[in-house]
Amino acid sequence: ARMALPALALLLAAGLLHTQASPSARSFQLDYEHNCFRKDGAAFRYISGSIHYARVPRPAWRDRLLKMYMSGLSAVQVYVPWNYHETLPGVYDFTGNRDVEAFLDLTAELGLLVILRPGPYICAEWEMGGLPAWLLWKPDIILRTSDPAFLAAVDSWLHILLPKIKPRLYQHGGNIISVQVENEYGSYYACDHGYLQHLLGSFRALLGREVLLFTTDSTGAEELRCGTLQGLYATIDFGPGSNVTEAFGAQRRVEPKGPLVNSEYYTGWLDYWGEAHASTSAVWVARGLEDMLQLGASINMQVVSWQRAQPAGEYMFHGGTNFAYWSGADYKDQYKPVTTSYDYDAPLSEAGDPTEKLFAIRTVISKFQPLPAGPMPPATPKYAYGWVALRKYAELLDVLDVLCPCGPIQSQFPLTFEALKQAHGFVVYHTQLPWDVPDPATLGALPHSICDRGYVMLQKEYQGTLERDGQTTLNVTGRAGDTLDVVLENMGRISFGANTSDFKGLLGNLSLNSTPLSNWLIYPLAIDTAVQQGWPHTALPESSSGGRVGPAFYAGTFETPGIAWDTFVKFPGWSKGLLWINGFNLGRYWTCRGPQQTLFVPGSVLHVGRPNNITVLELEGAPPTPLLLFLDRPLYNRTLGRST
């Protein structure tokens, strides 16, 4: 199993007793004799759903959590992505959308319990599974093991994070009832019990002896052997269609006593670029949920990617959006980057709207416990702002002075993103043809050395794209001294698979007719920094050269009619790129590959009463008339998605 997308966390413990506990004796414990949880001494069952605060804008947190509460959930399951908070070694950000303490306090205000999953690895189809890319600055580091360099970084992080968590534990008057250690570790090749033992010691030292700590793994014997440890309660994950009795039999082989717990019940599926939009039957999900509730099991509902015998997902009750560069990737025989939308066919849509699946789940829950009084909050209002015209501002190669103000780095051979200390985005590799090439010659890369897409320009003319696990050669002609530029895009580091050490950039040299090219100028681009400072809207207009193909920036503005409602942007005739509105990075579009055809724009990023600045980086080719279309609903597979 793995942490891929929106998760509906359902935890149900057997035997629901109605005894009264002393208000001063706050406790949440395992009862091995009666195979249940006990909250304040009383047998307890909870139903929980997964939500990722990092995928939801802060102004929408209350709306999403309230809808989860009104669905009948008594708890939410929450991941903490390490790389979202420690952006550089020793540099922490817990402000704005990253204020996890504010999010946890809001769950308590709304009466929801919390199952916390602080990693350090979380999967979740999140960039590098939540591990910071700066760990790879040490190229020989062995992630998720007892490697001293990795443990030192983990310990430093846990000493920052867990003291923020401890006061919010249920035993200390908060609402966090349990904490997961690592995530689906049994699916990782290392099988390093010394690493798990180290984490157990750190969590106990920083959180105390009373908090309930647990693990989550799929039901395979090897996964449960490598992913479990004495002192950590072992739970499992599986999705609809599984044999419930057999699945819980696997848990019983490692936990003969205690509550039955499905920590990731997959309510949906994730999308990869280039594959069909995934969906899961509401009837199917509801039937599986009811079967488990009838067994008295504890369940965590999630929308997740579940592939054959290896579910590896991040369940979700509400998935949200992979804004900016935070989408991860899987490796299943080939590199599979995850879409910007993390809708995952979850009970709450990407925009936070109740779906048929939510109401089917709510009906099942009502058979086992009372629902909160009152109506379900409605869908958030949407607005179709219509067509917006853009103008071409500049070719990317013509504004390197703005995007790389410190200038290029000289190197005989290409350097990786990690060697350049560039976490996300783009790097430009620049050299020259060493001799005349009157007849087509092969510009090629070694296998697996393009990570992940390289947009090739010769004399600033777009030649084509080199791609990881795809096309790795192009035929070119030119003269000695002609400029050769490769705009290299990081599409997201692997978040689930055998190896999460996913280095980015040109991992090997490019060659011309098998002769390696050398003498590179390398430009790490800080595009987001420039856009957040108002560029290109505050800059003087460029005289844009070239045609409509190759990496280039487009800009425009639009005004809202006195309202700032959620909306969806369609890219008719565009190919692949990124969108910023008012400096906020809304993520990648890739309309020519799909399935996602629109990007979700939260109303909270829009202005009322003044222009909204649009910036688009198109990487391959813009339409003759560059227009965007703002809709009131999403598009998948070139057809209308679920009504929102």
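Every residue, even glycine, has its Cβ placed from backbone N, Cα and C.
Annotated features, as they stand in TrEMBL:
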| type | residues | note |
| --- | --- | --- |
| SIGNAL | 1-21 | signal peptide |
| DOMAIN | 37-367 | domain 'Glycoside hydrolase 35 catalytic' |
| ACT_SITE | Glu184 | active site, proton donor |
| ACT_SITE | Glu264 | active site, nucleophile |
| DOMAIN | 414-525 | domain 'Beta-galactosidase 1-like first all-beta' |
| DOMAIN | 551-609 | domain 'Beta-galactosidase galactose-binding' |
Exercise. Would you mind ranking the active-site residues Glu184, Glu264 by how many other Cβ atoms sit within 10 Å of each Cβ and giving me the lowest?
Key: Glu184
Practice problem: Fill in the CA-CA distance, Glu184 (active site, proton donor) to Glu264 (active site, nucleophile), as an integer in Å. | Solution: 11
Exercise. Determine the mean pLDDT over the domain 'Beta-galactosidase 1-like first all-beta' (414-525), rounding to the nearest whole number.
Key: 96
